[in-house]
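First comes the structure, then the notes that go with it.
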Amino acid sequence: HTVLQAKENVKPCGRLVRPVAPTRIPGRYLSHQEGLPKLPVPSLQQTCERYLAILEPIVDEEELSHTKELLAEFQKAGGVGERLQKGLERRARKTENWLSDWWLTTAYLDYRMPVVVHSSPGVVLPRLEFSDRQGQMRFAAKLIAGVLDFKTMIDNETLPVEYLGGKQLCMNQYYQVLSSCRIPGLKRDSVVNHAHRSRPPAHITVVHNFQFFVLDVYNSDGTPLTVDQLYMQLEKVWSSSLQTNKEPIGILTSNQRNSWGKAYNNLIKDKTNKDSVQAIQKSIFTVCLDAPMPCVSDELYRSRAAVQMLHGGGSRWNSGNRWFDKTLQFIIGEDGSCGLMYEHAPAEGPPIVSLIDHVVEYTKKSEMVRTPMVPLPMPLKLRFNITPEIKKDIEKAKQNMNIMVHDLDVKVIVFSHFGKNVPKTHKMSPDAFIQMGLQLAYYRMYQRCCATYESASLRMFKLGRTDTIRSCSIDSANFVKAMDDPSKQKIEKVTLLEKAVKAHRAYTDMAIHGQAIDRHLLGLKLQAIEDLTSMPEIFMDTSYAVANHYNLSTSQVPAKTDCVMCFGPVAPDGYGVCYNPMAEHINFAVSAFNSCNETNAAHMAQRLEEALLDMRMLLESTPKAKL
């Protein structure tokens, strides 16, 4: 994940905002993409061996020996495994990326839980210094201008190419996040992207008091509106949406996907509704002007802001002030809360964070542009005809949303004792160090190790998305068990910690080079489904279920901005942990479900703090330290 970004200061060429084909730098983006390697298919034997290794700390011996037998059978010459492997290799030769379409479908579009909490991440930005609507509008105007500035780099294909370990990364996700939207289906969703149409959208949607507006953000000559112009337009939106008795049509998008698919088909039978929905779907992005949330202490503020970004706080607060299917929604509260949420299907965190870093820098600049004195048209208010049936769907969605809101517990902490600096002093990867802290915290709470997911970027490959870093290894298990064992010498504990950190580093390296096991196993399973053969036993095995039940779902999302991303757990009895390691502190967001008696976000956050401090103490109090 630690994307080393080679950000040269590239000046967007020309003033053309929506370049027509001939003025594009001839295929700059395309020629870059063409040069990227294809995602490899790892060898079957390697994946089977590594699969057994990751099972060792999380399943019991009996299960493990049963799985060994199944794997031996699966790998037999001329057997099922070999046939599926050949099928995958054929697919890899024929497609740009053997995994990307399958992954989009299985991980996102086929997933029927609500995108809220279960799929879409939120990002909390540092609290802003305003507490009234003028401040809110002023900042929103600057933020919109900043996103449009980033969009110019996308449109002109002047985005600086990112690198990881000296290798160029796939930039495709940047071209998927603007002017795109998820569309619900009865059994499977789809994603539509309007950025690549011959006449790409020139408007954003703004939502205030549950009412949606189309705001054109370009002048007739193709130049973007200035901050002053945007401010005046937002003022118009604000003053024409003061009624608070409106039906929160947007809350429909928070429902379980099949229910929303049904309600959607019903909603768009009406032409007015259909036009309004399409205007939202086509917009470049959405800006949510939120009402103030209930006041909390400074200490709890970030955690409250996190839930505001994840779900809006419930139907009484801002949950209806969203269109959750929209890929990008920036959220600005009257009380200075600020952040965004994004629909996960088109992109991962790092491209979103690059955009945030750019926008935050942009909002700090003072405006030098002279604003033309042309009167601008009134932003168009989107109308919805609410039938009794739609009203019923809205009520149901409100109830479901409020249940989700009550069930989600999020704790955001700023770990202020140290940041990347301490692990680096000890020649350890900061990410691996933090992951070992998580393993230790979990082990201390539950006296067992669990399957742990950490996302690894596959962007070294064309159209690459993610694979799984398995942070729980036999080495991490040895370390966490020894850490609190009084019979073990400190020196031995340090050696075990070093070994665990190195093992994590090695797995990460393997994953970003396309040699991890999880997407390969998924590919073999999907290949079996495609071939219409019976499902191989290794996928019906208890071990496979245990390996894919992630009690810890984690992600490092580093940013220059002092922000933190947050997401819900992926298992009913699990935790979602996202972190942004800064030089001298670490921002953590820990989530859990209240409906599970065994999990507690605040306890986990506290155990994590203790674990990291204990690990530092161990390293600093061990004289040998031949690190």
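Every residue, even glycine, has its Cβ placed from backbone N, Cα and C.
Copied over from TrEMBL, here are the features:
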| type | residues | note |
| --- | --- | --- |
| ACT_SITE | His344 | active site, proton acceptor |
| BINDING | Lys420, Lys424, Thr425, His426, Lys427, Met428, Ser429, Pro430, Asp431, Ser457, Arg505, Gln556 | CoA binding site |
| BINDING | Tyr453, Ser455, Thr466 | (R)-carnitine binding site |
| DOMAIN | 39-610 | domain 'Choline/carnitine acyltransferase' |
Tyr453, Ser455, Thr466 excluded, remaining Cβ within 8 Å of their centroid ((R)-carnitine): Glu454, Ala456, Asp467, Thr468, Ile469, Ser553, Ser555
Arg505 (CoA binding site) versus Tyr453 ((R)-carnitine binding site) - Cα distance in angstrom: 14
Cβ-based isolation winner (fewest other Cβ atoms within 10 Å) among the binding-site residues Ser429, Asp431, Thr466: Ser429
Ser455 ((R)-carnitine binding site), number of other Cβ atoms within 10 Å: 21
Candidate with sparsest Cβ neighbourhood (10 Å radius) among His344, Lys420, Lys427, Arg505, the listed recorded positions: Lys427
Cα-nearest neighbour of Ser455 ((R)-carnitine binding site) within the listed binding-site residues, Thr425, Lys427, Ser429, Arg505: Arg505
Chain-internal residues, separated by at least six, CB under 8 A from Thr425 (CoA binding site): none
Spatial neighbour of Thr466 ((R)-carnitine binding site) that is closest, considering only the recorded positions His344, Lys420, Ser429 and their CA atoms: His344
Neighbour count (Cβ, 10 Å) for Tyr453 ((R)-carnitine binding site): 24
Separation of alpha carbons, His344 (active site, proton acceptor) and Asp431 (CoA binding site) (Å): 23
For the domain 'Choline/carnitine acyltransferase' (39-610), mean pLDDT (0 to 100): 93
Integer Å distance between the CA atoms belonging to the residue listed as 'active site, proton acceptor' and Lys427 (CoA binding site): 34
The residue listed as 'active site, proton acceptor' and Arg505 (CoA binding site), distance between Cα atoms, whole Å: 26
